């Protein structure tokens, strides 16, 4: 029956009936609101509950009445008036076809459909002593769990799929459950929660319950013991912990929390310390033995591979695998180290666990746990970066990453693993977090509340990245299978090598996502996940062997090419000697066709006048002795044949340094084409000289040449030509340079004379325009702003000489610092560059502003000196007229003692001195500078940019 059909026949009932509302001790209220003694109420309630014809609402109220009547009851009745735990479970299970919530002081009954409406979903129930019970739904879940509740149960959302009725009962003080277990000496310490789910015919979803218990004051035990999250087994009549996790103490809300994977009656029980020591030791089961064997096999496989590779290398170096070719095996090496510590951790926990009730990790297991966690994160980092590195190296190819990049990524992986481990150790030192837990005889690991953060989330990130990379590699393989004209087996094996690396990470990721949950989930689900974990760990040895086979097969294929080349030389009857010219005869000069594919360009360094580029350098020439039989062409041979045949001695005239790429092997190839034509291709990095003309820096255009020729042979022996195609022998991969834009290239060939001998020369000219954005932002704009800043002094009072000088000097010093910084990016050339002219112009304007304020200051001083002289003359005349008067003391204390005539004279002097100190009016020089400086600076800028951008652009 579907949920929608069920909802059509379900009645809703939110009853206000409360059997504890009589207000008289020892009395309970019946369903007809009559108060009777609890003994009578118990008898009446039992008769209703055992009457199969009673309706659901009446049964629910009778159950609430029964719990109320037996709570704190001291009277023992016969079995006809008491209910067993099994009977209570069945009564709760049979509450159907109703939406009911019934709360009292002693219990809470809830019978609800999970899906109430689109915005709400019933998840469980809670009870708080003195208040009663309440329904928990998606709207109040957080508020309930983050409060001081007595008991609560929450069903996982996924577990409610297909559930038509959620039947819950919470008994505050379960008197009837106190003495139901007389076999295990476990003592009841909390409320009892009864859970039952009714489902439709849809697919079954695994059950996952979250339980919350607070110790009941009347049940708090005395002494030292262990609290256990248990259910009452109605078959064995004991409290059992099967299918339930260990009880975790939440210090913040003073309660215990746990998880269970089935429905029945749950409670928190207590077991004394004296009963925790077990008399029999745990033995290994089939899963433990299988896990140890598979991990040991993986370790042994890796050791055999390394011994075999080392032995072959020592016995016969020519057919041995190079050390760089074995670098992909660092992925399986990291797993081998992890397995070693994981086995050590498992055996340590197994041998040193004192009891199945022990939940705190001891010191040695804690140390091994964090070491194992470090290597776990390090393993996933290594597997991820190794797979990605060889994806770039074997699949994308251009540009190929260097092994230095792999080393850097390994160092970053080590730092990430260390950071995660230090974070875990730091949190574990705080006992309030309690992030680790001992799973007796199994493992010391993270508890269920934090494992998602320390393992699930990081591993899922690694898995996502690896799956994306696997898709990219597989796509490359499929494209090659559809469109390749020939089978390039070596290249395909390298791509499969990348897939093996990534698959190893995926299998380990899936296994370690499931593995940590084995110890605290249900028995059936735990067994399934345990076998998945064991099988996926066992695949690591398979991946190691496959990886080594691919690497070894690649090496053997290269040896086959060498043998084929030797056989070819034998059948032709001509010994191929180094530097032997064709047939040893003087013939027409050999024409060598050259074509380049430039994959990267830069950096272009002005300080040492050089540039660097990566390119594929290809040469094609004809050697008739190597003509293949009919219908055979385009044969790839080993490059070791190069030591036995003649090849061009091409060198780069203007190169300063260069090297042939050697990772993972020498990056060059040799092919025999039709009619004896040979193709030799190599991947090079060249640093060449480039004479830069910097008069227009940073608005310049530079042309860098790339010149090649034969080192020993003249034009009578060798002539170089560019390949005739649409690119004129040069192919440019789309390049993105930081400071330049490559907008044009030109190829040419000519004859030059070296040591009285003509040589054929090819030249490639790369024309690049500099991006001036950096220098505009870091040089032109700041310098212009400093000039504009110096004009602020024209608006400052002309008497404030110190302020105006401070602004001018600060601008000059700031511009000097700016110039020194810009000049550090260009060589010390003996001529002015474009940016130098701009800085000189800015300097002149700054000095002009300083000179202007100096002129204003001098002019003001001159006018003030004239006024001062005039005032002094007037004072001298006044003094002569009053020379017969007694000498006046002009101190502040004696001013009041002056006579009226003297006061009048003193006031006149003060008034004239104040006029001298009044603010000077706007000086005519300032008025002129406010207009002249901006206009002149704008004009100079226009002239500057016209000259260096347009006039000299050609």
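One-based numbering along the chain as shown.
Even glycines carry a Cβ here, placed using N, Cα and C.
Quantities reported herein were computed from a predicted structural model and do not represent experimental measurements.
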**Study point:** Among ranges 251-275, 326-350, 576-600, 601-625, whichever one TrEMBL labels transmembrane segment
**Key:** 326-350
Practice item. Have a look at 195-219, 220-244, 370-394, 645-669 and point to the one annotated transmembrane segment in TrEMBL. Key: 370-394
Review point. Looking at the ranges 102-130, 131-159, 160-188, 450-478, which is given as transmembrane segment in TrEMBL?
Key: 450-478
Practice item. Go through the chain and flag residues at least 6 beyond the ends of the transmembrane segment (406-430) whose CB is under 8 A from any CB in it; none is fine as an answer. Key: 327, 330, 366, 370, 373-375, 377-378, 381-382, 385-386, 389, 436, 446, 454, 458
Point to revise | Intrachain neighbours beyond the transmembrane segment (931-951), with Cβ under 8 angstroms and 6 or more residues off its ends | key: 696, 699, 784, 787-788, 791, 794, 834, 837-838, 841, 845, 848-849
Point to revise | Contact call for the transmembrane segment (772-793) and the transmembrane segment (838-860): at least 3 Cβ pairs under 8 Å, seq gap 6+ | key: yes
**Study point:** Contact call for the transmembrane segment (450-478) against the transmembrane segment (370-394), three or more Cβ pairs under 8 Å
**Key:** yes
